[in-house]
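Colleague: Got a structure for you, written out below as structure tokens; questions coming shortly.
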Amino acid sequence: MSNRIQAIRGMNDLLPDQSPVWQYFESQVAALMKRYGYDEIRTPIVEQTALFCRSIGEVTDIVEKEMYTFEDRNGDSLTLRPEGTAATVRAAMEHGLLYNQTQRLWYTGPMFRHERPQKGRYRQFHQVGVEAYGLDGPDIDAEVILLSARLWKQLGLYEHVSLELNSLGSNEARAAYRDKLVAYFEAHHEVLDEDSRRRLGSNPLRILDSKNPAMADMLADAPRLMDHLDDESREHFEALTARLEAAGIDYVINPRLVRGLDYYCRTVFEWTTTALGSQGTVCAGGRYDGLVEQLGGKPTPAVGFAMGIERLILLLETLDTVPDEARAPLDAYVLGMDAGTDMAAMALAEQLRDTAPELGVQLHCGGGNFKNRMKKADRSGARVALIIGENEQASGTVAIKFLRDDRNQEVVAQQDLAATLRSL
Ligand code: ATP
Ligand code: MG
């Protein structure tokens, strides 16, 4: 009878054979952020529930049914963060980062949503996000899109993703459009599914987002937000697309792209792929000028995006674009021939870590006879075994045995070892 405790559904372990791809992705991201002048911010995983209700919106999928909310021992309502923007705004406000200044920030970490787990959709998943504050022009919208485009290029994904854009206009323009839309949906009430009927009173724009094929024709003829933009939003949008064109970034205008969070205005965008089945959005974002004020700060323009790391890793693996170096195995496995030379082996391994810090060096531990030791050397995946017996110890040398190449064993002076390994 087995009663071993298992991981929570939809929450994944990241095993050693997968971590090199994650590390590759994460190091590419960190380097990219530096190149664009974005600074990292880290916020707690748990926040007050009210933060998410007030920012994401009460009538959104996330707040209505996906949050991990619990009462802590003081009776406060806390929530595991379902996304990163609200917490970034909270932290930036709390520490005065938004006071008369611009900020370019990025974050990464786990997010939590109680969704139905499936490929590319989990209950604990990871995002990388950027948020830029204090800039209201299309130049910064273009910058965050160019930053993401550069990441796709760096990762070899650019040919496999496409950019969809829309503008949600100003709050006033959207409110006027909303009335037109509601009138249109009411005229087609019989076609609306249950979910959409529920949204009609609360969040009618989200109906545009529906994937229900029975509603597709009706939605295709719905009034378009693009046709109801205020002049400023239209100019903003045109200036953004002009910049993308100048930078050679292709895009498609998707008039039904509305995004699931309430805080967006003007620019919204998504990067999608067809290579992952139905979980095709790998990055999504937009402008959210009203959020800082909504959370109690001074009005502050803001734009950002979040990308789903699991989906991007799946994409990297599906397309097989991870360079071999990312999975580079150990360089050397150091062993004494027997217990009498274990100490000498340890000293050699430490010396090698001093003189060749770029190498991955594993020391044999756990004793055993020579045959056993060599078996472990082989299993370690290292390119070479560095062996010290009594003779080598006495003469200050070490034997290099090539574990992957058809090449004779060599003996070199210990002091030349780093140079020899580098030249292999
Ligand atoms: P979707 O339409 O796929 O549910 P969303 O609009 O809820 O996405 P956002 O809140 O904008 O997603 O999050 C940004 C990105 O984070 C998504 O584009 C996706 O790549 C990723 N993401 C969102 N939810 C999940 C999840 N449950 N599991 C894995 N990745 C996710
Ligand atoms: Mg979702």
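Heads up, the Cβ atoms here are built off N, Cα and C, so glycines get one too.
Annotations per TrEMBL:
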{"type": "BINDING", "residues": "GLU83, GLY84, THR85, ARG113, GLN127, GLU131, ARG259, TYR263, TYR264", "note": "L-histidine binding site"}
{"type": "DOMAIN", "residues": "1-329", "note": "domain 'Aminoacyl-transfer RNA synthetases class-II family profile'"}
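Give me the local environment of each listed feature.
Modeller: In sequence order, SER55, GLY129, GLU131, LEU261, TYR263, TYR288, LEU291, GLY304, ALA306 are the residues near THR85 (L-histidine binding site), counting only same-chain partners six or more apart with C-beta under 8 A.
In this model, the domain 'Aminoacyl-transfer RNA synthetases class-II family profile' (1-329) carries an average pLDDT of 94.
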Colleague: Rounded to a whole number, what is the top Cα to Cα distance in Å among the residues the record ties to L-histidine, namely GLU83, GLY84, THR85, ARG113, GLN127, GLU131, ARG259, TYR263, TYR264?
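Modeller: Between the most distant Cα atoms of the L-histidine site, 21 Å.
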Colleague: Please go through the binding-site residues GLU83, THR85, TYR264 one by one and keep those whose C-beta falls under 6 A from any atom of ligand 1; give the result in sequence order.
Modeller: GLU83
Colleague: Just to be sure I understand the packing, how many Cβ atoms besides its own are within 10 Å of the Cβ of GLU83 (L-histidine binding site)?
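Modeller: So the number of other Cβ atoms within 10 Å of GLU83 (L-histidine binding site) is 18.
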Colleague: Give the number of CB atoms, excluding that of GLN127 (L-histidine binding site) itself, located within 10 Å of its CB.
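Modeller: If we count other Cβ atoms within 10 Å of GLN127 (L-histidine binding site), we arrive at 21.
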Colleague: What is the number of other Cβ atoms found within 10 Å of the Cβ of ARG259 (L-histidine binding site)?
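Modeller: If we count other Cβ atoms within 10 Å of ARG259 (L-histidine binding site), we arrive at 20.
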Colleague: Excluding near sequence neighbours, so keeping only residues 6 or more apart in the same chain, what lies with its CB under 8 A of TYR264 (L-histidine binding site)?
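Modeller: Those within reach of TYR264 (L-histidine binding site), by Cβ under 8 Å and sequence separation of 6 or more, are LEU168, VAL258, GLY286, ARG287, TYR288.
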Colleague: What three-state class does DSSP give GLN127 (L-histidine binding site)?
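Modeller: Reduced to three states, the DSSP call for GLN127 (L-histidine binding site) is strand.
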